[in-house]
């Protein structure tokens, strides 16, 4: 792609609460990533229309030359596009609430991307992401799909196996947000940092944080996190500021205590301290409810205000600067900039002592041909054991989706560190199946019915 090219993009998940902020961010970056066309695509026509009508007013005022459309038709959406930015939520907030509340009913971690909730979400998401890939390959085969839909690791593993030749890069905003906090702790800008990191999505550790001159800041940040977690004096992003997120950032000090050598991803709390998480969760009011009562209402009321007024003078959407990593990634591909970014890629030796076919999150150099992971060497036994366990959970989930196999999904839940036993795993699974009948493939049981030892039977032995 030449330096003077203008790009056509489609945002899959056009009705998302993040869409408007991302569009504003694209306008902010128009000099380095100019747009000729912007499309929104969603299967929820009514939800998307509210966001799209408000964006149309913003674009008419700020960038009238951009050809803007929104649609529920795949051919219209995916024809003549250079990039697809994908942030879909399969099942919407209605099912996110079930992902969180069903496990909590069983006194198990209820979270949208980790544990049984993440597995349920993954089972809904695989087919939808594969469908997007197929639309792209049919209507715009040269298009790159930049996917930041959750649960990213399960989705990435499914894409590796089901669409191995797809032009897709999987990226997550969580490390970006944490690195913003790190930069604030040491008084630098996020772009000043050059990090080393290994793990899986929502499941990893920073082993080095340097500036461009090669000065190492890991010890300084580590000392800060040991006392304060990742809480900072000044909030550095808008995505992770709610009360539940503040508690998560604070909990990082306890994650660091488990291994004080490396800086942990905050999501590790769900695996290392699941009992704490459950004890501090409200089974009747979860993160899904917090988002619906906060961000959801705020974004849609702002959109309706713009629509009713017919102008953004009443209050423009804020720029989601936190999402600038998406433009960084698109520019790296479009202009072969060899940007260094954390991406979810097939291991292939990047982490020396885990399997090559595990989808890892590591620093990569990104250019026109995609991502080249940087080698991280061998990792310690503790982290290796954690990663291998979680990788097998996610592989079993994908197996279960492909094979429509109840047994494999039960095994995946049983293997997860967030569940205490096979019995609890089965009870949670059966409730999740009931809630997800509209979304999951129908799972086949083994011909032999499963009988578990009941509490009463144990007491009689």
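Just so you know, glycine gets a Cβ as well, placed from its N, Cα and C.
Summarising the annotation, Swiss-Prot assigns NAD(+) binding site to 7-73. What Swiss-Prot lists as substrate binding site is 96, 150, 287. As annotated by Swiss-Prot, site 'Increases basicity of active site Tyr' applies to 112, with the evidence given as similarity to another entry. Feature annotation from Swiss-Prot assigns Mn(2+) binding site to 172, 202; the stated evidence is similarity to another entry. Annotation comment: Swiss-Prot describes 173 as active site, proton donor, evidence class similarity to another entry. Annotation comment: Swiss-Prot describes 267 as active site, proton acceptor, evidence class similarity to another entry.
Structure coloured by features recorded in Swiss-Prot.
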residue: 16; record: NAD(+) binding site; Cβ contacts under 8 Å, 6 or more apart: 42, 51, 87, 88, 89
residue: 25; record: NAD(+) binding site; Cβ contacts under 8 Å, 6 or more apart: 319, 320, 321, 323, 324, 326, 327
residue: 34; record: NAD(+) binding site; Cβ contacts under 8 Å, 6 or more apart: 5, 6, 7
residue: 43; record: NAD(+) binding site; Cβ contacts under 8 Å, 6 or more apart: 72
residue: 96; record: substrate binding site; Cβ contacts under 8 Å, 6 or more apart: 89, 112, 117, 121, 287, 288, 291
residue: 172; record: Mn(2+) binding site; Cβ contacts under 8 Å, 6 or more apart: 148, 152, 201, 202, 342, 344, 361
residue: 267; record: active site, proton acceptor; Cβ contacts under 8 Å, 6 or more apart: 113, 114, 174, 202, 203
Would you mind ranking the binding-site residues 7, 70 by how many other Cβ atoms sit within 10 Å of each Cβ and giving me the lowest?
7
Say we define neighbours as other CB atoms within 10 Å of the CB. Which of the binding-site residues 202, 287 has the fewest?
287
Within the same chain, and leaving aside 96, 150, 287, name every residue whose CB is within 8 angstroms of the centroid of the CB atoms belonging to the recorded substrate site, in sequence order.
89, 93, 99, 100, 111, 112, 113, 117, 121, 288, 291
Just checking, which of 52, 61, 112, 173 (recorded positions) has the fewest C-beta atoms within 10 Å of its C-beta?
61
I need the CA-to-CA distance for residue 61 (NAD(+) binding site) versus residue 150 (substrate binding site), whole Å please.
33
Give the number of CB atoms, excluding that of residue 150 (substrate binding site) itself, located within 10 Å of its CB.
24
Per DSSP, to which secondary structure element type does residue 7 (NAD(+) binding site) belong, with helix, strand and coil as the options?
strand
I'm trying to understand the geometry here, so how far is the Cα atom of residue 173 (active site, proton donor) from the Cα atom of residue 52 (NAD(+) binding site), in Å to the nearest whole number?
23
How far apart, in angstrom, are the most distant Cα atoms among the substrate-binding residues 96, 150, 287?
15
